[in-house]
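These features come from TrEMBL:
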type	residues	note
ACT_SITE	E189	active site, proton donor
ACT_SITE	D334	active site
ACT_SITE	E438	active site, proton donor
ACT_SITE	E457	active site
BINDING	T543	Ca(2+) binding site
SIGNAL	1-22	signal peptide
Amino acid sequence: MQWRSLVLGLLLLRLGLQALLALLPALAPGLCLRRRFPFPFPPPPAALSPPGAGPSHWGSLLRRGGGAAAAVGAGDEYERRYSGAFPPQLRARLRDAARGMFVFGYDSYMQHAFPRDELDPLHCRGRGPDRHDPSNLNINDVLGNYSLTLIDALDTLAVMGNSSEFQKAVKLVIDTVSFDKDSTVQVFEATIRVLGSLLSAHIIITDAKQPFGDMTIKDYDNELLHMAHDLAVRLLPAFENTKTGIPYPRVNLKKGVPPDSNNETCTAGAGSLLVEFGILSRLLGDSTFEWVARRAVKALWSLRNNNTGLLGNVVNIQTGHWVGKQSGLGAGSDSFYEYLLKSYILFGEKEDLEMFNDAYRNIQNHLRRGREACNEGEGDPPLYVNVNMFTGQLMNTWIDSLQAFFPGLQVLIGDVEDAICLHAFYYAIWKRYGALPERYNWQLQAPDVPFYPLRPELVESTYLLYQATKNPFYLHVGMDILQSLEKYTKAKCGYATLHHVVEKTKEDRMESFFLSETCKYLYLLFDEENPLHKSGNKYMFTTEGHIVSVDERFRNSLWQDILPEEDSAEKIKPNELKAVNFSSNCNRVPDERRYLLPLKSNYMRQIDRMVGLI
């Protein structure tokens, strides 16, 4: 067949190139090494495995039927490990392993923790708000005494095709969950984890096409939508009595904003509510929720620095003064940029895209360091650093694990080449520790904050890069991540936070996003035939990994008061909107690179040296 001839031709071309490179061994180090990294060449391929991981459980499958992989032979160690076709039987086993990971965590929560918010996987018990210590914001910002983990996991059940458990879980939520609680929660966390999941599950239930199987609920009367409305109404007091329109960070679900509430909030927390609030408004035909969320975004946008165009990470909601002057892509800023783009994708308001494009341009001008091109030239690989919003000068030498979402966002706008480089940097850190430390100091080549709470951002970017490129390299990355999670975080009753990524000690906590995001993205990475990829529907992921359909009803508002007439943003036409995180619409890397490394091996080696892996 024609495609077989094409593949054979590509393999012969690669062998020829490898033979040529073998004659010029001295050229590679000169292209990629800087004075800062005077290290010898890496050890044999076994050293590329996660530390302590031993031989791959899947090695036999990789050696059988490897197609192009087998043809690489004695070439570069990166080529040997990552290039070539990925056997379908291995992919199916990894898909089942990802589903098994979710099932173990979910079943453990239901058995040992429900109806409490989270599972303590070491002691096999539930966890709720810390009533004895209201200042314990790490717990109380998230846990509201409303069965958080069950709610957050709803659409993962649907994506995995488990209709019976999805229906059972929805009925449990309807019958047992109430938001009439004396709980003070963070507006951002309640919005993305709870409100977003309720809306996603409602959309799945009411979808006439039912792409994931029969997820309908007998006698369903929009209960999840009503619950989402009830929760959002309880969050609205956060937007009152603020001089800037930027909301308070926390609200009590019974009593409103606490009297001693903090007037300082982070950019991401206040500016990442528009997707969920906008969906709710458009489903209800009530502009209130989208209006307050959009007002907050505009207020933050108006506070950017006139010279750099950058925003800080902490602002006073009454004065509009920046308390935190750091501008970066991680904690405190990340999802603000994400939701500028995703609001445009979902609602079609051109103003949102214009803000995103402006922000992205300023990020490139002031935060990006390293060589201009990802896959060619000399110099350090591209990296986005933390700078002072007023001057653009470097503020510190650490990056945090939340920033690993950014390559996925770059995929959505078609900047795939740059995404490849940044993703490779975070993957190198993962290879070194078998996890991502919460903060990593790239100058010291060591963690600044060494815990890992099962975050999904690297898996998310891996999934989106695979959808954009179809390069099997990203399946290998997913396999490494899955193996590390099984090896280092699996506990008696679920999966546990790593207290220290070097020592591999555990903390007794399994955050809800492990089921809603980490397991979901891993599963979808290996499930090529999932209805989300094949049904013809267009989907977008919220910042909590909840799926929402991109369709006409969210691009048509029933009111005119969201934007003043003179500022009314032009909407894109429905046929112009693409589900840009959907494989059939991505701006892909050329097909001829499909079975080559996405990043040349000398640049991959350079990054591995930079993080102290070799």
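A Cβ is built for glycine as well, from the same backbone N, Cα and C atoms used for every other residue.
Because TrEMBL annotations are produced automatically, they should be read as predictions rather than curated entries.
For the pair E457 (active site) and D334 (active site), the Cα-Cα distance reads 11 Å. A 10 Å cutoff on Cβ-Cβ distances gives D334 (active site) a total of 25 other Cβ atoms nearby, all chains included. Geometry remark: E438 (active site, proton donor) versus D334 (active site), CA distance 14 Å. Using a 10 Å radius centred on the Cβ of E438 (active site, proton donor) and all shown protein chains, the other Cβ atoms total 21. For E189 (active site, proton donor), applying a Cβ distance below 8 Å and a minimum sequence separation of six or more within one chain yields D141, V142. For E457 (active site), the count of additional Cβ atoms within 10 Å of its Cβ stands at 25 [all protein chains shown]. In this structure, the CA atom of T543 (Ca(2+) binding site) is 10 Å away from the CA atom of D334 (active site). Around the Cβ of T543 (Ca(2+) binding site), 25 further Cβ atoms fall within 10 Å across all displayed protein chains.
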